[in-house]
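Enquirer: My questions all concern the structure below.
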């Protein structure tokens, strides 16, 4: 332990402390040295400043301080572990009161500037936090790559697994990913122009089909009792048992998707883009539905930290409590979106809303959509866009089904900038209706359209399904011998690039003798036709005759 140096000067005490008179004299004799030792004065800590101030106080205050045996605090706020943490060796530690205050201000600013920044990667764990799952000790992670977790998305116990099982599954997934990577590299080296599957791919497809045969067999009586017992015991604090509901292959795919989503959330948490439940809306009350959110949306902080938001389903204003929502609904005069109704058939209507004329509504719509979209970046700059809002009407009003937005002047002929179907209306055909309506507008404009990239996962699935259906319908009705991609594009308003990618995925495009040939696969056409007949006359289709719309000026 370093010893303090003591300067034996007239008026100094035997204990090494100095009274106020001697310090004043020494200040006058050392005034010529103050400029030369300015950099030393800047190195004073809070503790040395506190000591210098105590030496200038009255004798009564000094005696009171002598009886205080509690140690001074270090810049970190904790008591010093040794005398080496106190810097009292500067010969110019005593100054007048005003200079001491200036020095204290500089030192406090310096302490703030040298505070440790936010830690990264494995250093970001806050051990005072705890996983919200009852009975969980926050150890382990669903991905098997982290030692601790603080959210339900990464909790092994919530997913009815142990930390060791998660690590084993992580090792298995890594091996499979390496094998797939090696296989892709091999295929890229030996790639040919034709799109026929290799023997390995065909064999793997047969194995998958075999593994998925019993996925719809249903649960036996004992299994149902086990699932019900688990549900009654744990309620919503645990994930329902997933074994025997589907095939092992499908269950493993679902587990992989869960682990990947959990890893993405962990990266966002480490980067500070989301916090552990403090500023992320978990649920929203929207009309008669309570919806769980999927992603973070930049609502104002005083609303986001509530965790639950109350939204008017007609004007889309957001509120903090159900009481405020009830009062708002009693006086809200909106029963449908603002703007012009450009389409109506039965109970389905589409309204064209100008982002410049109805700015607040469009901004609220974008904030609401971000709760269910990952790649959306448009929140407040809505003026250059038109919003086409689809609703379903009943005796209470027009309820929001979904929407898509498009630029008023798109140089790349994008007919969709952002598209969303509300979660309560998903898997009912409304997504394809929105896509079909966007292409109907492109046909009226006599343009070829394409959605703006990147598409969300669900959006990409919906578009691929729509393009497949459009091409198979065109093939079914086509009676000629030679087919042209350009003609398909002009008739359907689908971009030729999207047509080619869809034909390749359906294995209907072949390169032969220097030419690309489109193969008419009758098996796919018959399969599509059978589904159309089984579906019957569904009202989930867009009728061009019900459109009352002219292209806006300047487009």
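Heads up, residue numbers simply count up from 1 along the chain you see.
Glycine residues also receive a Cβ, built from the backbone N, Cα and C atoms like all the rest.
Reproduced below are the annotations present in TrEMBL:
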- 452: active site, proton donor/acceptor (ACT_SITE)
- 45-58: compositional bias 'Polar residues' (COMPBIAS)
- 59-70: compositional bias 'Basic and acidic residues' (COMPBIAS)
- 75-93: compositional bias 'Polar residues' (COMPBIAS)
- 94-114: compositional bias 'Basic and acidic residues' (COMPBIAS)
- 177-188: compositional bias 'Basic and acidic residues' (COMPBIAS)
- 203-213: compositional bias 'Basic and acidic residues' (COMPBIAS)
- 221-235: compositional bias 'Basic and acidic residues' (COMPBIAS)
- 276-551: domain 'MYST-type HAT' (DOMAIN)
- 1-120: region 'Disordered' (REGION)
- 177-235: region 'Disordered' (REGION)
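Map the listed features onto the structure and describe their local environment.
Expert: The C-beta environment of residue 452 (active site, proton donor/acceptor), restricted to residues of the same chain at least 6 apart in sequence and closer than 8 Å, consists of 412, 414, 416, 417, 418.
The compositional bias 'Basic and acidic residues' (203-213): residue composition by secondary structure is 10 helix, 0 strand, 1 coil, according to DSSP.
Residues 241, 244 of the same chain, all 6+ positions outside the compositional bias 'Basic and acidic residues' (221-235), place their C-beta atoms under 8 angstroms from a C-beta of that stretch.
Confidence in the domain 'MYST-type HAT' (276-551), given as mean pLDDT, stands at 90.
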Enquirer: By DSSP, what is the split of the compositional bias 'Basic and acidic residues' (221-235) into helix, strand and coil residues?
Expert: 15 helix, 0 strand, 0 coil
